[in-house]
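A.B. asks: I have a structure here, written as structure tokens, and I will follow up with some questions on it.
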Amino acid sequence: MKTSFGFYTIFVVLSSAWIAYASDPSQLQDFCVAVPDANSAVFVNGKFCKDPDMVVAEDFLRQGLNNAGNTSNQLGSVVTAVNVNQLPGLNTLGVSLARLDFAPYGINPPHTHPRATEAFLLMEGTLYVGFVTSNPADLNQKNKLFTKYLNPGDVFVFPQGLIHFQFNVGKTNAVAFAGFGSQNPGTITIANAVFGSDPKINPDVLAKAFQVEKNIIDYLQAQFWSNYN
């Protein structure tokens, strides 16, 4: 009985330790400014670290978010990202941000951020936003949609990995800022990934998946799909 209890205790401790270390570790230095080469650098979290003695204040600075982005595209929106690829000082810090500009009736189409939750702050205009839950455990239920109309000063949160969107329902431009819980949240634009991949997904697969005729898939795959951040 004593031996069984001891084994059980060890099992619980080891299980707890596994759970405790099942996420990204905390940073072990003040910062790790990303550099594109390995000279005198250490590879940490997807980037090489700049020699701390060579780090300067400009490594932590990104200017220009006061300037509107160019929304002259088929979506009528543009995302100006500030993640580790634009601001090297963000490396290992676990945060990033973006400015989003919308022309009237512009849309940031359904997409996901696989590595981050998004906190979205509307500064100007009126947006219709929402996200859809993952597949429910009960097969009789459907994915649930959460939506809101946002006005200036409103904040809306999009949980990590869930499909979400923003649509300008106003007659004027809209401006928003988003914060992310990752230095590089990543973006998967659903339509682009499904219909604009290279090489293309077999249209028979998509026709079966979407329960439509193959000619509809052929039409969609023939469109111009431009990637946005």
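Using the three backbone atoms N, Cα and C, a Cβ is placed for every residue, glycine included.
Marked as signal peptide by TrEMBL: 1-22. Per TrEMBL, disulfide bond is recorded for C32-C49. As annotated by TrEMBL, domain 'Cupin type-1' applies to 63-218. Here TrEMBL flags N108, H113, E118 as oxalate binding site. Per TrEMBL, Mn(2+) binding site is recorded for H111, H113, E118, H164.
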A.B. asks: Just how many other Cβ atoms lie inside 10 Å of the Cβ on N108 (oxalate binding site)?
C.D. replies: 27
A.B. asks: In Å, rounded, how far does the Cα of E118 (oxalate binding site) sit from the Cα of C49 (disulfide bond)?
C.D. replies: 26
A.B. asks: Judged by the number of other CB atoms within 10 angstroms, which among C32, C49 is the least packed of the disulfide-bonded residues?
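C.D. replies: Fewest other Cβ atoms within 10 Å, among the disulfide-bonded residues C32, C49, is found for C49.
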A.B. asks: By a simple count, how many Cβ atoms lie within 10 Å of the Cβ of H113 (oxalate binding site), its own Cβ left out?
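C.D. replies: H113 (oxalate binding site) is surrounded by 23 other Cβ atoms within 10 Å.
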A.B. asks: Validating a neighbour-count step here. Other CB atoms within 10 A of the CB of H164 (Mn(2+) binding site): how many?
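C.D. replies: Counting Cβ neighbours of H164 (Mn(2+) binding site) within 10 Å gives 22.
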A.B. asks: Going by Cα-Cα distance, pick out whichever of the binding-site residues N108, H111, H113, H164 is nearest to C49 (disulfide bond).
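C.D. replies: Closest by Cα: H113.
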